[in-house]
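Have a look at the structure below, then the notes.
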Amino acid sequence: MALRPIKLLHHLWKQTWVARARSNVTTSRIMRPDDANIVGNVHGGTILKMIEEAGCIIGTRHCNTQNGDRCVAALARVERTDFLHPMFIGEVAHVSAEITYTSKHSVEVQVNVLSENIVTGAKKLTNKATLWYVPFSLQNVAKIIEVPPIEYSSPEQEEAGKKRYEAQKLERLETKERNGEIIMSVSLPEPYTVAFSQSSLIHLVGPSDCTLHGFVHGGVTMKLMDEVAGIVAARHCKTNIVTASVDAINFHRKIKKGCVITISGRMTFTSNKSMEIEVLVDADPLVEAEKGKYRAATAFFTYISLDKDNKPLPVPPLKLDGEEEQKRFEEGKARYLQNKAKRLADKERQQ
């Protein structure tokens, strides 16, 4: 039966609104004192948590546009994320997310964060991030749902997305090979050594940390990881420190409600103006103790030291002890030089 003109217009408007709502998402929130450090800089972990929330919303919406099992999009990986400008208490964070690629079982979401000074009206881009999600069935948490495809503006756009997908898939496999390492504590270490600044945080996973599945939100994990990395950086420098960037964050296994998670951080590399901190997340299922502890997530955070005017300060050199620390330092130096070269290349392309 044909729709009457008014009903037809309403139907088309509704379909257009739904399509737009599913293709992009924007969330906004004012930054409060408990979102920031003692000098008013918003924690990097707070921003990462907002980024993940927007990504989860759009990923879950998209994966539920088809018939079949209802599902929730779970965070699998976050690509390198740069903190371009600091955000402060009283500013409004506007987080916009858009789906840019889909494979059979994963969704790529690109997120931009703008900070707005609501007194002056000034806005600035503070973050750009790429996240990968995998949809899990609400009826069976072990079942991965097939992802509805998206339409691309050109074959080149689809091909570029496929290359990004293959690259992150390869790197995730390489990261899993390094998951046997643990961070050991050392008593009375010397200042500016790895042992002196290494830190751990223990957290019991509660209902407010979890998705509908009963598994931890990726944003909760990232916030805790940033807190530990910040403690490591502050112990090393004894100054105000802020997150400068986050290398790829890989989520290897889900963390269930009731687990005790240990988030450990250690300094791996220092340049003149920055510090790289490796963060490892281990989960211990208390109820299902027979399953044993496992490595749940890993990442490298980069921090910079600031003076009272938010100007970069020199970072004390890291004192190394043994072949393992020297090896990690050289690997960190290689990442630092690679990222520096990439930033310079990006800058030249923009000019």
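A Cβ is built for glycine as well, from the same backbone N, Cα and C atoms used for every other residue.
Per TrEMBL, the features are:
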{"type": "ACT_SITE", "residues": "Asn37", "note": "active site"}
{"type": "ACT_SITE", "residues": "Asp226", "note": "active site"}
{"type": "DOMAIN", "residues": "21-139", "note": "domain 'HotDog ACOT-type'"}
{"type": "DOMAIN", "residues": "195-309", "note": "domain 'HotDog ACOT-type'"}
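Asn37 (active site) is 12 Å away from Asp226 (active site) when you measure Cα to Cα. Residue counts for the domain 'HotDog ACOT-type' (21-139) by DSSP state, with H, G and I taken as helix and E and B as strand, are 26 helix, 58 strand, 35 coil.
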